[in-house]
Amino acid sequence: MSAAKTLLFVTSNANKLAEVKAILATTGITVESKSIELIEIQGTIEEISKDKARRAADNVGGPVLVEDTALCFNALKGLPGPYVKHFLKELKNDGLVKMLAAYDDKRAQAVCTFAYCEGPGQEPILFEGRTDGKIVRQRGEPTFGWDPIFEIGGSTYAEMDSYQKNKISHRFKALQKLKAWLEEKHGGGVAPPPAAPQRIDRRNLGGHEVAQGGNFFDSFGEEVKPRAINIAGDGMGIRKETGRGWQFDNPN
Ligand SMILES: O=c1[nH]c(=O)c2ncn([C@@H]3O[C@H](COP(=O)(O)OP(=O)(O)OP(=O)(O)O)[C@@H](O)[C@H]3O)c2[nH]1
Ligand SMILES: [Mg+2]
């Protein structure tokens, strides 16, 4: 079995896609996407993710990556877990907070499970990331799901910028495992060979580090791939992802 450098991420969730692209932006892994509302079975997080991957592989007839996210309340023995989407839809964030009103224990875990399936009939492989936090009354921009009520280190996910969240999130941790696995499959690295070094003159613009002279760095301090850079008539401009996704700065 050979793993792909280009991943087809099947998801109906634009926020997930933006985060995955941002986190993998400098790794040499290309993320393509297809929006399909996959049927999700009941079961454990692992069973649901694997089943989702099989359905997606059958649908596209080739290698796919899917992801399932769970929010597990300690006091409720892991519930709502992978069913959080339905709870969020009906109860909203306030209702999720109220579910824990009778308990002192507000601890929760955000769990992200990626499932990679090489194709129809193949066994999916799982990569899981967990981040511990606690459930609080909502704070921050309500742009993504339950981000405003999941607090870690004094801030909710919604109060963090995408750089901060993507450094510690359940999704980041799961993608680190996926990346390591892909690197192993490709015998030591999926990133293309670096371009010849040019003058590096790092500046810090609004928390996003960039370099002048042709070298551009993302907020992880890694070089931005050339395909993310637009060559404008008068110099370099860097494409900005929208929403809470990746942000590049224009050094000009
Ligand atoms: O505040 C959040 N921060 C996150 O980091 C995050 N990741 C997922 N979610 C939400 O949790 C449910 C998971 O359900 P889910 O995994 O089935 O996703 P989905 O149905 O939206 O997409 P997909 O299954 O097509 O990929 C959905 O309501 C998602 O919006 C998040 N909310
Ligand atoms: Mg879903």
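These residue numbers are counts, starting from 1, taken along the chain as shown.
Cβ coordinates come from backbone N, Cα and C, glycine included.
Noted in TrEMBL for the protein shown:
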type: BINDING; residues: 11-16, Lys52, 68-69, 144-147, Lys165, 170-171; note: ITP binding site
type: BINDING; residues: Glu40, Asp68; note: Mg(2+) binding site
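Annotated pair Lys52 (ITP binding site) and Asp68 (Mg(2+) binding site), C-alpha to C-alpha distance, rounded: 8 Å. Around His170 (ITP binding site), taking its Cβ as the centre, 24 other Cβ atoms fall within 10 Å, counting all chains. Taking a Cβ distance under 6 Å to any atom of ligand 1 as the criterion, the binding-site residues Thr11, Lys52, Gly145 reduce to Thr11, Gly145.
The Cβ of Lys52 (ITP binding site) has 25 other Cβ atoms within 10 Å, all protein chains considered. Of the binding-site residues Glu40, Asp147, Asp147 has the largest number of other Cβ atoms within 10 Å of its own Cβ. For Glu40 (Mg(2+) binding site), the nearest of the binding-site residues Asn13, Asn15, Gly145 in terms of C-alpha separation is Asn13. Reported as a whole number, the C-alpha separation between Asn15 (ITP binding site) and Asp68 (Mg(2+) binding site) equals 13 Å.
On its own chain, Thr11 (ITP binding site) has Leu17, Ser33, Ser35, Ile36, Val66, Glu67 as residues at least 6 apart in sequence with a Cβ closer than 8 Å to its own Cβ.
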